[in-house]
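**Student:** For reference, the structure I am asking about is given below.
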């Protein structure tokens with residue numbers, strides 16, 4: 001395609017691509033921290049009721065005389081006796097009786113601060129009857145991510161990738177910092193929602209800006225690099241959270257660096273492909289010549305002119321006369337088909353992913369250890385995914401990742417709750433497959449949608465992912481009906497979604513489409529190739545039958 005030839009002319013993968021890709025993906029280290037930050041800032045330590053203020057523990061015995069026991073013999077977290085309960089005359093005279101009347105924790109709670117000295121749970125007592133508020137905070141963050149995917153995906157197609165990224169960095173820095181100083185839970189949730197919005201824009205535009213500056217043969221490498229940076233961010237979160245256990249300090253530490261990202265983002269070069277798709281040929285020429293100078297291809301850049309670009313990018317200029325809206329995804333049959341299929345893939349991946357990663361305390365092992373393990377499994381999983389993406393194609397990679405993830409989660413549902421090692425061993429490969437699925441779907445979506453609506457399509461796909469992440473915590477409530485019910489649901493959805501991939505075209509080695517006509521011509525070309533393949537196979541089968549005497 002013409003634009004890919006222009007990229008090769010100005011240096012292909014040169015100094016500019018190396019610098020800009022590095023600077024654009026660097027914030028993703030901390031984006032991973034924000035997405036699962038509440039595993040640590042909202043961790044629930046062991047707790048029990050505080051005895052009445054007038055209770056004289058030294059006179060009335062130990063704390064246990066106020067605390068009923070659960071089935072496992074541990075103190076109840078949300079109930080206390082209305083009066084001290086004395087059992088039969090044991091030698092120490094302090095054996096608690098579990099048959100007395102109980103009441104809620106009207107005087108508050110006592111928390112075990114040995115592992116988590118300070119969380120939003122301990123600061124605002126988000127336990128027992130207020131336990132749902134903890135999950136509400138994460139759901140509101142995901143609502144913000146959903147809104148950000150819709151708003152900033154659309155704005156990026158209208159205003160450009162660079163401008164939206166600059167705005168997103170500033171919004172993340174300000175809202176994240178304000179979250180660290182939130183005086184109450186309501187304000188905390190409001191700023192978390194704003195952080196989610198801006199981080200969604202960063203995620204979308206990071207992928208698109210990088211892919212649009214890269215030649216065809218390097219796009220999969222860039223997508224995999226972005227996935228690895230996100231995985232490294234999970235390692236970073238485990239280490240930082242262990243070193244900084246106070247939630248306000250941790251929140252500030254993962255938010256303040258976005259001020260630096262905001263400052264250097266002014267030096268990014270806007271996508272020349274977006275300029276051409278918007279009909280701004282002068283800005284396209286200026287961007288390409290600037291990249292040529294950075295890549296040491298000054299002479300090749302000087303050969304470019306308005307006439308050369310006008311001849312090479314005639315299709316983009318024609319397309320740029322009108323901007324496509326989000327409604328075009330439903331109005332156009334070809335785009336509608338892509339939108340519905342990709343929406344299912346985005347939803348299933350995010351739904352199952354957050355069902356696993358936001359319940360680290362449910363595995364019965366150290367929360368810091370499981371965070372490291374979940375980050376570590378991404379490395380081999382994404383490497384295998386990269387090899388499959390580049391050798392077999394995007395479609396089989398996407399199908400295999402979702403199918404294997406679903407199977408692992410379904411198997412986990414039949415393992416007894418007390419077998420934490422076995423359950424963790426099944427959850428880890430499932431999480432790795434979902435991480436590989438995220439890696440693939442980002443790249444696959446960007447390659448399927450045409451330039452005129454690519455960012456809007458990415459935004460709508462991410463929107464469906466956020467719907468999955470919002471619904472996921474609600475599904476966990478079905479554990480009250482049957483403990484393994486959430487896992488069965490988390491596993492069934494990606495298995496069903498894996499079948500949808502057969503309805504999508506392969507993009508391996510294909511140029512990025514700029515218009516809907518490009519999509520239709522590519523579909524027609526692949527159909528003709530399949531027909532020719534079938535015609536070729538029929539004589540071969542007939543010949544084989546003749547040889548066998550059939």
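Each position is counted from 1, following the chain as shown.
Each Cβ is built from the backbone N, Cα and C atoms, and glycine gets one as well.
Residues annotated as topological domain 'Cytoplasmic' in Swiss-Prot, with sequence analysis given as evidence: 1-9, 157-164, 217-224, 270-337, 390-395, 445-455, 506-550. As annotated by Swiss-Prot, transmembrane segment applies to 10-30, 136-156, 165-187, 196-216, 225-245, 249-269, 338-358, 369-389, 396-416, 421-444, 456-475, 485-505. Residues or ranges marked as topological domain 'Extracellular' in Swiss-Prot (evidence: sequence analysis): 31-135, 188-195, 359-368, 417-420, 476-484. Residues or ranges marked as N-linked glycosylation site by Swiss-Prot on the basis of sequence analysis: 39, 92, 113. The feature region 'Disordered' is assigned by Swiss-Prot to 514-550.
Mind mapping these onto the model and telling me what they sit next to?
**Tutor:** Confidence in the topological domain 'Extracellular' (31-135), given as mean pLDDT, stands at 71.
A sphere of 10 angstroms centred on the C-beta of residue 39 (N-linked glycosylation site) encloses 22 other C-beta atoms.
Counting Cβ atoms from all protein chains shown, residue 113 (N-linked glycosylation site) has 14 others lying within 10 Å of its own Cβ. Taken residue by residue with DSSP, residue 113 (N-linked glycosylation site) is part of neither helix nor strand, so it is coil.
Sequence-distant contacts of the transmembrane segment (136-156), counting only residues of its own chain at least 6 positions beyond either end whose CB sits under 8 Å from a CB of the stretch, comprise 38, 42, 120, 164, 168, 185, 188-189, 192-201, 204-205, 208, 326, 354, 358, 455-463, 465-467, 469-470, 473.
Residue counts for the topological domain 'Extracellular' (188-195) under DSSP, split into helix (H, G, I), strand (E, B) and coil, are 8 helix, 0 strand, 0 coil.
Residues 13, 21, 207, 210-211, 382-383, 385-386, 389-390, 439-440, 442-443, 446-447, 509 of the same chain lie 6+ residues outside the topological domain 'Cytoplasmic' (217-224) yet bring a C-beta within less than 8 angstroms of a C-beta in it.
Long-range neighbours of the transmembrane segment (225-245) within the same chain, counting only residues 6 or more positions beyond its ends whose Cβ lies under 8 Å from a Cβ of the stretch, are 21, 25-26, 28-33, 36-37, 40, 115-118, 206-207, 210, 253-254, 368, 371-372, 374-376, 378-379, 382, 385, 435-436, 438-439, 442.
If you look at the transmembrane segment (249-269), the same-chain residues 6 or more away from its ends with a CB under 8 A from one of its CBs are 16, 20, 23-24, 26-27, 30, 33-34, 37, 40-41, 162, 165-166, 169-170, 172-173, 175-177, 179-180, 195, 209, 213, 237, 240-241, 287, 290-291.
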**Student:** With Cβ distances under 8 Å as the criterion, find the stretch in 10-30, 421-444, 456-475 that has the most pairs with the transmembrane segment (369-389).
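**Tutor:** Looking only at 10-30, 421-444, 456-475, the most contacts with the transmembrane segment (369-389) come from 421-444.
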**Student:** List the helix, strand and coil residue totals of the topological domain 'Cytoplasmic' (157-164) as derived from DSSP.
**Tutor:** 7 helix, 0 strand, 1 coil
**Student:** What same-chain residues lie close to the topological domain 'Cytoplasmic' (390-395): Cβ under 8 Å, and 6 or more beyond its ends?
**Tutor:** 220, 440, 443-444, 447, 501-502, 504-508
**Student:** How big is the Cα-to-Cα gap, in Å, between residue 39 (N-linked glycosylation site) and residue 113 (N-linked glycosylation site)?
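**Tutor:** That comes out at 16 Å between the alpha carbons.
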**Student:** Quick check on the topological domain 'Cytoplasmic' (390-395): DSSP residue counts for helix, strand, coil, in that order please.
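**Tutor:** Counting residues per DSSP class in the topological domain 'Cytoplasmic' (390-395), I get 4 helix, 0 strand, 2 coil.
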**Student:** Please identify the stretch among 10-30, 338-358, 456-475 with the greatest number of Cβ pairs below 8 Å relative to the transmembrane segment (396-416).
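**Tutor:** The listed stretch sharing the most Cβ pairs with the transmembrane segment (396-416) is 338-358.
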**Student:** Residue counts in helix (H, G, I), strand (E, B) and coil for the topological domain 'Extracellular' (359-368), per DSSP?
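**Tutor:** The counts are 6 helix, 0 strand, 4 coil.
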